[in-house]
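Comments concern the structure below.
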Ligand code: CP
Ligand code: NVA
């Protein structure tokens, strides 16, 4: 297990976050930092921005603004959806690769934050250690967005909420079942469910459960097995068995997660009209079968598209004057 993911730094409220606002600057670092009202406002804004874009284009509300995108890990969706979101809103995005910056190696993380704050108007960071997210937010004088850490993935959860809303018309009262690793994606889904009134059940192999601080107070139900988790579920969600950074454990994980596959047989045990979600990238034939991923209940590509729309709402809130 990854020690960083399971020992997140704790803020004053017990949440591993610098907060939605630090030094008077707004950030998007952690679902738990935001009230249900704020999350609902972001969703309403995402719906409006998506509609506006589908009708022919967004207004250039971020003209002259540049988002610095700092990546320590690979990405397709996060990189492209943030870049396109900025362009659609009249701004620009600058990609900084893992080799270029060397957070805390070539240069102190605090200095990277201070320097970037002199050049760009916002920072989006994808990193291993969640502490880097906290440090960048602490030392930057511009808004910071967490584009995935070993602890959480709040942008994914917001896009997932938008996708569920589109397909189910509501979030409140739904049952979301997660099958697999209690990882960064699962953590943000747990916080999202607690905030927006979904029942959240998770089935993970022993040793791969959600961190204790996430389970505590979130109302998450730890199911004994996948069948129990998906019973009456409106949404069935899975993610890779081996997250970025856990590659050395891939062989062992393949064996230990074998019974935690979302396949047609498992899906039959959920609600008849359940939707199937995956943050992607998927490992077809491992955590999800082709039949389910390409089947009529799958909404995985809507999810991928919605990253762009949900992030436009975050960018508009944080960067628009
Ligand atoms: N879901 C997601 O964050 O995808 P990428 O790793 O491709 O950005
Ligand atoms: N849990 C996965 C999510 C990828 C978007 C990982 O961290 O690799």
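Backbone N, Cα and C define each Cβ position, glycine as well.
Curation does not apply to TrEMBL; its annotations are automatic.
Taken from TrEMBL, the feature domain 'Aspartate/ornithine carbamoyltransferase carbamoyl-P binding' applies to 26-166. The carbamoyl phosphate binding site annotation in TrEMBL covers 126, 153, 154, 155, 156, 279, 280, 307. Among the features that TrEMBL reports, domain 'Aspartate/ornithine carbamoyltransferase Asp/Orn-binding' is placed at 172-316. Residues annotated as L-ornithine binding site in TrEMBL: 184, 239, 243, 244.
Locations of recorded TrEMBL features on the structure.
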{"residue": "126", "record": "carbamoyl phosphate binding site", "Cβ within 10 Å": "25"}
{"residue": "153", "record": "carbamoyl phosphate binding site", "Cβ within 10 Å": "27"}
{"residue": "155", "record": "carbamoyl phosphate binding site", "Cβ within 10 Å": "25"}
{"residue": "184", "record": "L-ornithine binding site", "Cβ within 10 Å": "26"}
{"residue": "239", "record": "L-ornithine binding site", "Cβ within 10 Å": "26"}
{"residue": "243", "record": "L-ornithine binding site", "Cβ within 10 Å": "20"}
{"residue": "244", "record": "L-ornithine binding site", "Cβ within 10 Å": "17"}
{"residue": "279", "record": "carbamoyl phosphate binding site", "Cβ within 10 Å": "26"}
{"residue": "280", "record": "carbamoyl phosphate binding site", "Cβ within 10 Å": "17"}
{"residue": "307", "record": "carbamoyl phosphate binding site", "Cβ within 10 Å": "26"}
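Within the set 184, 239, 243, 244 that the record links to L-ornithine, no two Cα atoms are more than 12 Å apart, and one pair reaches that distance. Counting in whole angstrom, residue 239 (L-ornithine binding site) lies 7 from residue 280 (carbamoyl phosphate binding site) by their C-alpha atoms. Taking the Cα atom of each, residue 155 (carbamoyl phosphate binding site) and residue 243 (L-ornithine binding site) are about 17 angstrom apart. With a CB cut-off of under 6 A applied against ligand 1, the binding-site residues 126, 279, 280 are reduced to 279, 280. Secondary structure from DSSP puts residue 126 (carbamoyl phosphate binding site) in a beta strand.
Residues 184, 239, 243, 244 make up the record's L-ornithine site, and a Cβ search at 8 Å around their centroid adds 148, 150, 153, 181, 183, 185, 240, 245, 246 from the same chain. In the predicted model, the domain 'Aspartate/ornithine carbamoyltransferase Asp/Orn-binding' (172-316) shows an average pLDDT of 97. Less than 6 Å separates the Cβ from ligand 2 in the case of 184, 239, 244, drawn from the binding-site residues 155, 184, 239, 244 in sequence order.
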